[in-house]
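**Q** Below is one structure. I have some questions about it.
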Amino acid sequence: MTEFTHINQQGHAKMVDVSDKQITKRTAVAHSSITVNKTIFKQISNNTNTKGNVLNTAQIAGIMAAKNTSTIIPMCHPLPLTGIDVHFSWDETNAPLYTLNIQTTVSTTGKTGVEMEALTAASATALTIYDMTKAVDKGMIIGETYLESKSGGKSGDFQRQSNQ
């Protein structure tokens, strides 16, 4: 069983010391989603929401969230991120409900991974879409948020299998 690395000998929280770790390229990809009704789907697709361009605003929120992860997740190291990207794709197969899939990719060259930054970006992106469209319908559903893949670092690569 793996030990918790964020607990010191007295049982208190600590931030892990990464001083001796090797600098490597690290990338993480995360996923989230939000399911909306037809009215919101059309507003987002046609850019007619009264608050502005929902997807552009959500993309910026996701990028800002990744950059600020260490300020909201207590044991995360502040990292010099080298790339952040947010992609959207619609799933229209369950109309009149529409699911907007969110994929975030975060990269760095450093001593610790960017999984939390990618997950935070995906979450904040979904939350921003909810915030910008909640006046139309508060019944939206933010879906599962999970790590799709990660590369680099001592623990090696990870790729989520479809049955995970």
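Every residue gets a Cβ built from N, Cα and C, even glycine.
Just so it is clear, the model here is predicted, and its values are computed rather than measured.
As annotated by Swiss-Prot, substrate binding site applies to Met75, Cys76, His77, Met116, Glu117, with the evidence given as sequence analysis. According to Swiss-Prot, the active site annotation covers Asp131.
Mind running through what each feature is packed against?
**A** In the three-state DSSP assignment, the secondary structure recorded for Met75 (substrate binding site) is coil. Its Cβ placed at the centre, Met75 (substrate binding site) has 13 other Cβ atoms within 10 Å.
Asp131 (active site): 15 other CB atoms within 10 A of its CB, across all protein chains.
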**Q** Between the two most separated Cα atoms in Met75, Cys76, His77, Met116, Glu117, the residues recorded as binding substrate, what distance in Å do you get?
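**A** Per the listed residues, the maximum Cα distance equals 12 Å.
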**Q** For a quick check of understanding: among the binding-site residues Cys76, Met116, which residue's Cβ has the most other Cβ atoms within 10 Å?
**A** Met116
**Q** Given a separation of at least six residues and a C-beta threshold under 8 Å, show me what packs close to Glu117 (substrate binding site) in the same chain.
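**A** Sequence-distant Cβ neighbours: Ala28, Ala66, Lys67, Thr69, Cys76, Leu79, Leu81, Ile84, Val106.
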